[in-house]
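Some features that TrEMBL has for this protein:
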- 24-306: domain 'ABC transmembrane type-1' (DOMAIN)
- 338-572: domain 'ABC transporter' (DOMAIN)
- 26-51: transmembrane segment (TRANSMEM)
- 63-89: transmembrane segment (TRANSMEM)
- 161-181: transmembrane segment (TRANSMEM)
- 248-271: transmembrane segment (TRANSMEM)
- 277-298: transmembrane segment (TRANSMEM)
Amino acid sequence: MEQKRTGLSYVFTLAKEERGKLSLGMLLAVFSSALSFGPYLVVYQILLLIIKQEVTLPAMLGWAGIGIAAAVLQAILTSFAGICSHTAAFNTMHRIKVRVLEHMSKFNLGFFQEHAPGQIKTTLFDDVDRIETFLAHSTLELAQAIVVPLMMFIFMLRLNWIMALIMLVPMILGIAIPMALMGRYPDLTDEFAGDTEKLNASANEFITAMPVIKMYHLTAEKFEQYRNSLKIYTDCWIKMCESSCNPLSIALVVLDSAILFTLPVGGWLYLRDSLSAASYLLFILLTMCFFTSFLNMVTIAMQSMELGSGLDNVKKIMDMETMKSGQQTLSQTGCYGIDFDNVTFNYTQGGKDALSDVDIHLEPGSLNAFVGPSGAGKTTAVQLLGRYWDVSSGTIKIGGVPVTELQTENLSDLTAFVFQDVFLLEDTLLENIRMGTDATEEQVRQAAKAAQIDDFIMSLPKGYATRIGDEGVKLSGGQQQRISIARAILKDAPIVVFDEATSYSDIENEHKIQLALQNLLRGKTTIMIAHRLHTIRNADKIVVFQDGRVVEQGTHDELIASGSTYSHMWDTYTRETIGEE
Ligand code: ADP
């Protein structure tokens, strides 16, 4: 059978830095459990005194004092054990979350397209939180559930081996019955974890797509999708309950009625003079607490089955290969050419090529434009340059160095992308431009000035301290793009990729963006994904994409003179724009 479940050992591997605290917590928990027998032993001793008719006030007070001291010590040890396990669990949770996030940040974009945000969230929060709960609580219970019954069993064996073995009968039945009847439970917990992910993903999609859903009256259909996920989730939950309720109830009843085994056998042994009255009483008392501590084991077994599928998800992510970083670096102050050598790429293995045999050479410091109909491969080409994805075959080079051989951070330093979709952090405008760099406020302001957005920011009551999202500040598409240009100016990367907006809200905005661009692109090697052809008439090179291939490249005049694809596009474009005017 395929070894699929990751098991408890993986939890302890994840918590390896906290093993000291966890072990101490478990040790203290075992001592505290051992002390929980204090009251029973005190009762036993008092019964002995009664049987022997030796009851005296000092003896009674002495035993009562011992009982109280045991209870106080037990409370103290329990609390210290909890502190140890909770600290270890929180530290581990924090460490796993950071590690998973760091690991994910090294994947290329494909991972995030294949996994819905809801799915990722489930792993990052719900699954990891379950590990935390397990470490904080179940490890202590696990130690208690194993060590305490074992200690008691050894003690009972020494007292009377027949009675000790009789006590094992309900325990064996309590384990065997659920194991025999719950064969499907582990599979169901896996299925449940998958259904939870799907439910989260569709809830997330539903909420994210709310504006479109409302606009197109898709509510019913979308609800349908959410309702379906919810139904599958609920059905699976019911199946899990059905599969576990009966076996567990039987096991609980068997364990709870353990006294029915020890009482008659003990009575029989007592009548045959093989068991003293005191030992008989002690066995009756111990039967009760033996099974309370053993019951914990059943609960932990259930929790660890549920933990298993969450662990699988965490392990799957941690085992995924990250994008391999190269070793070489290029100076950020240099000026570099770009080469696409015979590049082919498809998003899905065996699927249609999004780019086929693309060959492009762009001179250092040149202004270049990628043009072509929608879906022709322009965005894919520039994203391959930034290693958002890795090529299927061929090579992309910056300054003669393949991008795969550059250190990941260096590649990021060398390139600045200004896309139409601007991602804004829920933070101040200052931090939205600074983007984690150590630029001073003055440098941020200079960049914002060059990006023609400083005037707008200064007109806000809180200026650069204005937070995006709240305080009623909403940025127009043009303003967002200028923020994005300011970021790129501040980054001062030698290569700039600019995705021109398909429409501008007004002439003033367009004018400001043109000015901002002039400041951004000065002295850089630039690729502009252009939609409005008049903006790139002066480009050093225009590369024409069609259906994943480069069909033409050259200057505007050369391409017009050739009378081919670009010149037709130009004709259509000029007719449409003149028509608009
Ligand atoms: P352009 O930028 O010229 O509009 P794209 O590079 O976005 O074109 O798309 C090129 C081709 O790749 C299209 O057929 C598009 O459907 C496909 N494509 C783009 N992004 C993805 C993706 N994330 N997954 C699968 N196919 C994609």
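Placed from the backbone N, Cα and C atoms, the Cβ positions cover glycine too.
Against the transmembrane segment (277-298), stretch 248-271 shows more Cβ pairs under 8 Å than any other of 26-51, 63-89, 161-181, 248-271.
A Cβ distance under 8 Å defines the sequence-distant neighbours of the transmembrane segment (63-89), meaning residues of its chain 6+ beyond its ends; these are 15, 18, 21-22, 24-26, 28-29, 31-32, 35-36, 38-39, 42, 45-46, 131-137, 139-140. Summarised as a single figure, the pLDDT of the domain 'ABC transporter' (338-572) averages 89.
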